[in-house]
């Protein structure tokens with residue numbers, strides 16, 4: 001999972017979840033209806049990776065301007081930052097149900113705007129609308145599910161919402177592949193997201209508000225009537241009492257620290273426990289994003305093309321593997337995180353990520369070094385005025401290879417007999433691309449033919465396998481456990497903002513970095529970021545597996561140090577560190 005939280009379920013919660021939801025169809029309808037928000041969240045963050053390939057073909061200015069491609073991709077992330085903040089206000093003021101309905105409207109409007117876009121600027125506007133919906137859904141859907149589901153299966157149901165996010169990303173890759181042969185390609189890819197939004201909108205109209213929100217608004221009888229649908233008759237009264245006690249404790253905390261953002265922030269930052277919790281919580285969120293995961297999720301087909309697979313359809317098909325592995329990794333994490341611990345899983349994950357990024361850097365470097373040479377004869381005789389202008393004016397054109405050609409903003413028309421043999425360096429125009437294909441030759445504009453391409457796809461898959469079970473889900477679990485109860489909302493919110501902002505930075509700069517540093521240099525840079533992230537995780541992030549919230553608070557109050565740096569007198573106090 002890339003963004004959004006995943007709750008920590010008990011070992012028996014999933015089996016209990018199946019029994020309860022099959023027995024009580026109301027709970028199943030409620031959870032699946034709200035869970036469509038997670039599916040839309042995943043779909044709209046993943047679909048752009050494939051759609052971008054065809055948007056570039058339809059709009060020459062997008063093809064020529066790297067920054068425009070980055071803006072189209074990243075505006076959904078920018079919208080999500082504001083959507084999460086706006087959604088928090090709507091949640092508290094008007095309720096969870098209305099917030100989900102507003103998110104659906106934003107999803108639908110964004111999908112329609114993008115599918116009908118006559119120009120790139122309109123796609124960007126649509127992406128902003130979708131991003132606002134993503135931001136609202138990322139916090140509202142799990143909140144609604146957790147507040148409107150039985151306590152004994154709450155973790156499993158919220159975890160299922162997390163799985164729907166990665167499932168939505170996988171579905172987006174399938175849809176992308178399905179529409180590669182359809183007229184309008186990217187318009188269908190982006191527009192089809194409007195359908196689940198409509199379905200969820202009408203399903204949510206038939207569902208109630210969160211009982212917790214109703215009780216807090218003194219609508220006790222409405223809250224009771226909803227609890228009666230969720231719990232057996234003999235449990236309703238006890239759940240109502242527990243709800244009342246929880247809300248009274250929450251109000252007491254608000255009176256102690258203030259109920260506005262400024263007073264909460266001052267109270268949080270004045271606490272040494274919260275500050276140390278933030279060192280850990282923010283460190284894991286920043287490390288998650290600077291591991292480069294969203295370069296893979298947002299640009300996966302483009303990266304595959306960097307590896308030498310020129311066909312859009314081939315790039316989409318191979319990218320499907322990475323998305324599928326990400327979904328599987330989320331399931332693996334839920335199975336092992338309570339057995340092996342959060343800290344250990346993140347450290348092992350980071351070692352795997354760093355290894356894969358370094359190997360990917362080497363693979364792309366070798367691919368660039370062994371790129372096919374440029375044939376001066378083929379380049380000059382291919383067609384009238386077809387030769388790359390930079391190649392013609394180069395002082396030493398005999399030293400050029402395919403990569404030199406692409407760096408000069410030109411394209412490589414591979415040799416018809418053997419694409420690894422010298423080919424033509426041509427001006428990058430749609431007419432010449434058609435002419436190249438007409439001679440049964442392959443047109444390369446993002447990467448070069450390479451015998452190392454398959455290795456790049458393999459290690460991209462291994463990178464996802466290393467990332468998903470550890471750094472994919474565990475940072476969200478750590479942030480749900482590391483802060484004192486009364487500051488958990490503000491602490492988790494600060495860390496989530498860092499996550500979204502770093503996500504925006506990475507998605508907004510990836511293509512620019514590949515232009516400046518090459519694919520090899522860019523992956524090596526992310527490996528360097530991961531080394532720094534690993535140091536921070538080792539030094540600042542304690543193990544919280546099996547600890548009560550009070551024990552975590554006590555550990556942070558005394559000051560956390562890794563086991564290797566503890567003195568002999570304190571080393572035995574926390575063997576789980």
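Please read every residue number as a count from 1 along the shown chain.
Using the three backbone atoms N, Cα and C, a Cβ is placed for every residue, glycine included.
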Transmembrane segment range according to TrEMBL, out of 32-55, 224-247: 32-55
Transmembrane segment range according to TrEMBL, out of 285-305, 348-368, 369-389: 348-368
123-145, 261-283 - the one TrEMBL records as transmembrane segment: 123-145
Criterion met for the transmembrane segment (315-336) and the transmembrane segment (157-182) (at least three Cβ pairs under 8 Å): yes
Cβ pairs under 8 Å between the transmembrane segment (157-182) and the transmembrane segment (98-117), at least three: no
The transmembrane segment (98-117) in contact with the transmembrane segment (188-207), cutoff 8 A, at least 3 CB pairs, sep 6+: yes
Proximity verdict for the transmembrane segment (32-55) and the transmembrane segment (452-470), three or more C-beta pairs under 8 Å: no
